[in-house]
């Protein structure tokens, strides 16, 4: 069948929508980890009408008796691991539309609940329990959503995966900026927290509208309604055409013969076979996130400025130097893979070596300026703020770059009809790395 009317992504609408959907998948995680001032205040007072930032007025209130950052990280990643595993079965029985829209609605409802709880007074123990349950369920929905969207991305040209991952990186920046604005507003914690948690509600609502609009865009329908083999072959033929050959046909049209692959081959993909092909990028993404989550935010959020405790900068140090720097540099790292994919898919030694080198940040962060009582055993070797900023800059950029690189390289190692299974499996290994890192964070915090 000749394909003479292959559509274009007019005004880059599909790219923009997948960027927004990527942002929507990580809004829950980023808005919860960035709201540490609010959560620490609630765990001290039980309400948001009393209390202040941990460092304000020259007194640092120790509120980490709950190990909030550690438990939040662990309970955010365990359901991600569980439901990502289940997602490989769910996608065979439940339609993409039901899984994606249902997950987004669930996330929206839980964000609304979190915003409502800002006005509800309760004991620290009750608040901690309710928050942990919310984190568990909101990340369960996020896992189903993320796995489903990665499956769809396997049907699109590879640069759409990079844009989706860039959107995920932007979610952290979005949350960090929202937190900084709430701190700079000078409003009381209750008012700031309410506005802060309403913001992701708007973001998730826009994500729902973007997904519902996709079926009405010709470009999206053209790719998403095809089998993964057809989309892959079409893209590869387009890449192989020389510029003058492409211009010789209207809109770079390609001939696509459906008989090029048997129908049975298009429908089934062996999980074991796919694993043998993607084990290297899968291993690398596990190592990348293990190194990252073992330090961020459980350890890095406890680093304090060396400046005088009464200075206003102390209130902004963690939001800026920990969360904002991580979010911006992580996003830049993810975006870089739209232009550079190095090392390539044939690298068997260099890529895992570079990824493994990121574990050097474990001792570096543990020797930064973390004051007592969070620090019990290790000395402070990197006291100045500049050291922490340098470490966070490199740590964040390499995280974003290697995550995006491995997610982009994995589909290049498999056959066309295996792309959707590859997307689901890579999401599982992503979740596995996050869970391993979250578990290790308890050990590293105990060693401080």
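Using N, Cα and C of the backbone, Cβ positions are placed for all residues, glycine too.
On a predicted model such as this, the values are computed, not experimentally measured, just so you know.
Record features (TrEMBL):
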- 12-39: transmembrane segment (TRANSMEM)
- 74-93: transmembrane segment (TRANSMEM)
- 100-118: transmembrane segment (TRANSMEM)
- 130-156: transmembrane segment (TRANSMEM)
- 163-187: transmembrane segment (TRANSMEM)
- 193-214: transmembrane segment (TRANSMEM)
- 278-296: transmembrane segment (TRANSMEM)
- 316-333: transmembrane segment (TRANSMEM)
- 349-367: transmembrane segment (TRANSMEM)
- 387-410: transmembrane segment (TRANSMEM)
- 422-444: transmembrane segment (TRANSMEM)
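Here the transmembrane segment (12-39) has Cβ contacts under 8 Å with residues 48, 53-54, 68-69, 72-73, 76, 104, 107, 110-111, 118, 131, 135, 138-139, 141-142, 145-146, 149, 153, 156, 160, 163-168, 170-172, 174-176, 178-179, 183, 189, 192-193, 196-197, 199-200, 203-204, 206-207, 210-211, 213-214, 217, 219-220, 297, 301, 318-319, 323, 327 of the same chain, all six or more residues outside its ends. Distant neighbours of the transmembrane segment (278-296): 73, 77, 322, 326, 345, 348, 351-352, 355-356, 358-359, 361-362, 365, 395, 399, 402-403, 406-407, 409-410, 413-414, 422, 425-426, 429-430, 432-434, 436-438, 440-441, 444; these residues of the same chain sit at least 6 beyond its ends, with a Cβ under 8 Å from one of its Cβ atoms. Listed by sequence, the residues of this chain that lie at least six past the ends of the transmembrane segment (316-333) yet keep a Cβ under 8 A from its Cβ atoms are 30, 33-34, 36, 166, 169-177, 179-180, 183, 296-297, 300-301, 303-305, 307, 385, 388-389, 392-393, 395-404. Against the transmembrane segment (130-156), stretch 422-444 shows more Cβ pairs under 8 Å than any other of 163-187, 387-410, 422-444. Stretch with the most C-beta contacts under 8 angstroms to the transmembrane segment (193-214), considering only 74-93, 163-187, 349-367, 387-410, 422-444: 163-187. Using the rule of three or more Cβ pairs under 8 Å, pairs at least 6 apart in sequence, the transmembrane segment (349-367) is not in contact with the transmembrane segment (163-187).
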